[in-house]
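Noted in Swiss-Prot for the protein shown:
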type: ACT_SITE; residues: Y26; note: active site, proton acceptor
type: ACT_SITE; residues: H103; note: active site, proton donor
type: BINDING; residues: N77, H83, D90, L104, S105, R114; note: substrate binding site
type: SITE; residues: R21; note: site 'Transition state stabilizer'
Amino acid sequence: MSQKHRILLLNGPNLNLLGKREPGIYGSKTLDEIVADLTHNADELGVTLEHLQSNAEHELVGRIHQAMGQVDFIIINPAAFTHTSVAIRDALLGVAIPFIEVHLSNVHAREPFRHHSYLSDVAKGVICGLGADGYQFALTAAVHQLRAA
């Protein structure tokens, strides 16, 4: 039997407040609920899902580094770090693990400073504006790409 593919889910700053923080923009589901649903679907798809949420850029960078040789795909919602973090971009490029960038809200329909991403041009894909479903779509796409490789 072949080894299960491993997918790393990373969530950036303030996503620990999902369900409480601006539900009109980010929805009413908590991050724990989103991760539980995603973990269940990952199990059904026959892949392993690991998760880290951090409000600290260096913790996300460190986990990306640890993923090298251990993880097959990354799904990342960098949150506010989308618009500021060259460090996360460089870490993702450095480990050369394919990734999909996810945003709950449509960042292009919001304030102008949210329109730029340091990650989008090096991501396999970007999903935004579809709420918590965006994570499910990213998981399905990641599994599809891993199986096609």
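Glycine too: its Cβ is placed from the backbone N, Cα and C atoms.
Positions of the features from Swiss-Prot, shown on the structure.
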| residue | record | Cβ within 10 Å |
| --- | --- | --- |
| R21 | site 'Transition state stabilizer' | 11 |
| Y26 | active site, proton acceptor | 21 |
| N77 | substrate binding site | 25 |
| H83 | substrate binding site | 16 |
| D90 | substrate binding site | 14 |
| H103 | active site, proton donor | 23 |
| L104 | substrate binding site | 23 |
| S105 | substrate binding site | 18 |
Closest of R21, Y26, H103 to D90 (substrate binding site), Cα positions, recorded positions only: H103
Candidate recorded positions R21, Y26, H103, pick with smallest Cα gap to N77 (substrate binding site): H103
Where H103 (active site, proton donor) falls in three-state DSSP terms: strand
Candidate nearest Y26 (active site, proton acceptor) in space, where candidates are the recorded positions H83, H103, S105 and distance is Cα-Cα: S105
Whole-number Å value for how far R21 (site 'Transition state stabilizer') lies from S105 (substrate binding site) (Cα to Cα): 13
In three-state DSSP terms, the structure that D90 (substrate binding site) belongs to: helix
H83 (substrate binding site) and R21 (site 'Transition state stabilizer'), Cα-Cα, nearest whole angstrom: 19
